[in-house]
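Novice: Quick one: the structure is below, questions incoming.
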Amino acid sequence: LALWGILMTSSICLRQTDLKALIAYSSVSHMGLVTAAIIVQTPWGLTGAMTLMIAHGLTSSALFALANTNYERTHTRTLLLVRGLQLVFPLMSTWWLLTNLTNMAMPPTINLLGELFIISTLFNWSSPTIVITGVGTLITATYSLYMLLMTQRGSISTQFQLLSPTHTREHLILVLHLLPLGLLTTKPALISGLFT
């Protein structure tokens with residue numbers, strides 16, 4: 001049921017028009033993997049669950065912070081209306097790219113380590129689960145790229161000609177989210193040593 005939930009919530013993410021709802025459903029999808037790993041009750045599964053909970057907590061929080069910076073300037077969360085922000089906020093676009101790559105569990109992020117632990121555990125428990133987790137991972141990559149392209153690429157709407165610049169505090173918030181992720185990537189034993 002947890003794996004079926006991953007597919008359902010990931011599919012819902014593909015149809016979202018609201019940025020905040022898309023990020024929230026993304027979290028539900030990732031927690032389906034965590035639930036499946038905890039139910040299997042193996043050391044690798046528990047290690048992967050702990051790793052993914054911490055990593056996705058920081059990643060999802062950074063995505064919500066990015067969505068809030070967009071909302072403070074455009075006063076809308078509709079994806080079709082907040083296009084082309086890369087031209088206006090190039091540094092914020094870099095934060096969007098890094099956070100979305102982390103959300104997709106691209107190497108060498110700690111998210112990838114957590115997902116690999118969980119996928120290996122589920123495959124060892126029952127080999128057909130590789131199909132569901134593989135499709136779930138593919139859909140996750142799809143909606144993460146969709147979120148990135150919808151917010152950053154394209155032509156900006158004419159109603160957003162006077163957007164206030166980003167503040168240092170917003171960049172500090174994102175550094176404080178992504179720096180721990182980077183540090184955990186360099187020393188994953190801080191998390192994985194708990195159950196192995």
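Here the Cβ of each residue, glycine as well, is placed from N, Cα and C on the backbone.
Because TrEMBL annotations are produced automatically, they should be read as predictions rather than curated entries.
Annotation source TrEMBL lists domain 'NADH:quinone oxidoreductase/Mrp antiporter transmembrane' at 1-140. Positions annotated as transmembrane segment by TrEMBL: 21-40, 46-67, 79-98, 130-151, 172-195.
Surface or core, plus neighbours and distances: that's what I need for these features.
Specialist: Residues 2-3, 5-6, 9-10, 12-13, 46, 48-49, 52-53, 56, 60, 63-64, 67, 79, 103, 115, 117-119, 121-122, 125, 129, 133, 136, 140, 143-144, 147 of the same chain lie 6 or more positions beyond the ends of the transmembrane segment (21-40) yet place their CB under 8 Å from a CB of it.
Within the chain, the transmembrane segment (130-151) has long-range Cβ neighbours (under 8 A, six or more residues past its boundaries) at 3-4, 6-7, 10-11, 13-14, 16, 19, 22-23, 26, 29-30, 32-33, 70, 79-80, 82-83, 85, 96-97, 100-101, 103-105, 115, 118-119, 122-123.
Distant neighbours of the transmembrane segment (172-195): 43-44, 46-47, 50-51, 54-55, 58-59, 61-62, 65-66, 95, 98-99, 102, 108-111, 113, 117; these residues of the same chain sit at least 6 beyond its ends, with a Cβ under 8 Å from one of its Cβ atoms.
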Novice: For the transmembrane segment (46-67), could you work out the same-chain residues 6 or more beyond its ends whose Cβ comes under 8 Å from its Cβ atoms?
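Specialist: Result: 19-20, 23, 26-27, 30-31, 33-34, 37-38, 77, 92, 95-96, 99-100, 102-103, 109-111, 113-118, 120-121, 170, 173-174, 177-178, 180-181, 184, 188, 191-192, 194-196.
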